């Protein structure tokens, strides 16, 4: 049984927070994108002539919505791979 | 694990570190410049064109058509900027299938530079078209109270532009590296294909968003009629 030191606590909290960030952070963009897609499909079904315009607008809109999910991804990646607190404790333990 | 290609130093040029971002950006620029020089060296006007000239003509006319649809204006003044953005990002992302190559767009410094170029281009195009007064009046739309929010929106969309491209590309490389450790045979290949699609879509979205931002900074009182005419042509 390893002893629970500060760097272990930081590691556990970081990994847990990264998982929670991805879990919660992907719900809202997924709902938003699904709704946007459903509305766009309905609009295309009603007006097939406008399909190119609708598709382009849908792409741009979904890209905007997606950026919130991407923020969450970047934050959780930083928490796992480039966590400043973690690096601090590791250098302290090593040195 | 090296999260950014900035930390991946390939060589030293005296005291200057040449990191992977810098080296691969130069590679992409060299490919684009050399390729277009070789293709446009002998342009032909006969019905049977060379393959490469066909490719370039399809690219340029496709870009012109996309810009015309996104902005409802003639694509002439925007083609150099938007087209360069698209071609650079698309080439940088597509080369990711070459082993050992890290896309420079997976580094926050490259994407921030591209987003800052868009940030500078928006007022430049806006002032060139409408004059300084009309462009600045855009910030007071719809009322004076919205001025801080308009400025904040301008800054935050630049940040979003940079982080979106960075997040997508870094995501591809890092997930690929992790999967190589977990399931080495099949899954990384599938994910590479997904990464290629994402790379092209992100290049398209970056270019279209830049065009939309530029076009939205040019909207003045009389523009609906202008847009209508040029849209019909």
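Cβ atoms are placed via backbone N, Cα and C, with glycine included.
Under the heading transmembrane segment, TrEMBL lists A:7-28 (among others).
The feature domain 'V-ATPase proteolipid subunit C-like' is assigned by TrEMBL to A:16-79. Residue counts for the domain 'V-ATPase proteolipid subunit C-like' (A:16-79) under DSSP (helix as H, G, I; strand as E, B; rest coil) come to 62 helix, 0 strand, 2 coil.
Within its own chain, the transmembrane segment (A:58-82) has Cβ neighbours under 8 Å at 14-15, 17-19, 21-22, 24-26, 28-30, 32-33, 36-37, 40, counting only residues six or more beyond its boundaries. Sequence annotations record features per position, and here TrEMBL assigns transmembrane segment to A:58-82 (among others).
The annotation site 'Reversibly protonated during proton transport' is assigned in TrEMBL to A:66. Within the same chain, residues at least six positions away from residue A:66 (site 'Reversibly protonated during proton transport') with a Cβ under 8 Å of its Cβ are A:29, A:33.
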_Remote residues contacting the transmembrane segment (A:7-28) - C-beta distance under 8 A, at least 6 residues beyond either end_ = 68-69, 71-73, 75-77, 79-80, 83, 85-86, 89-90, 92-93
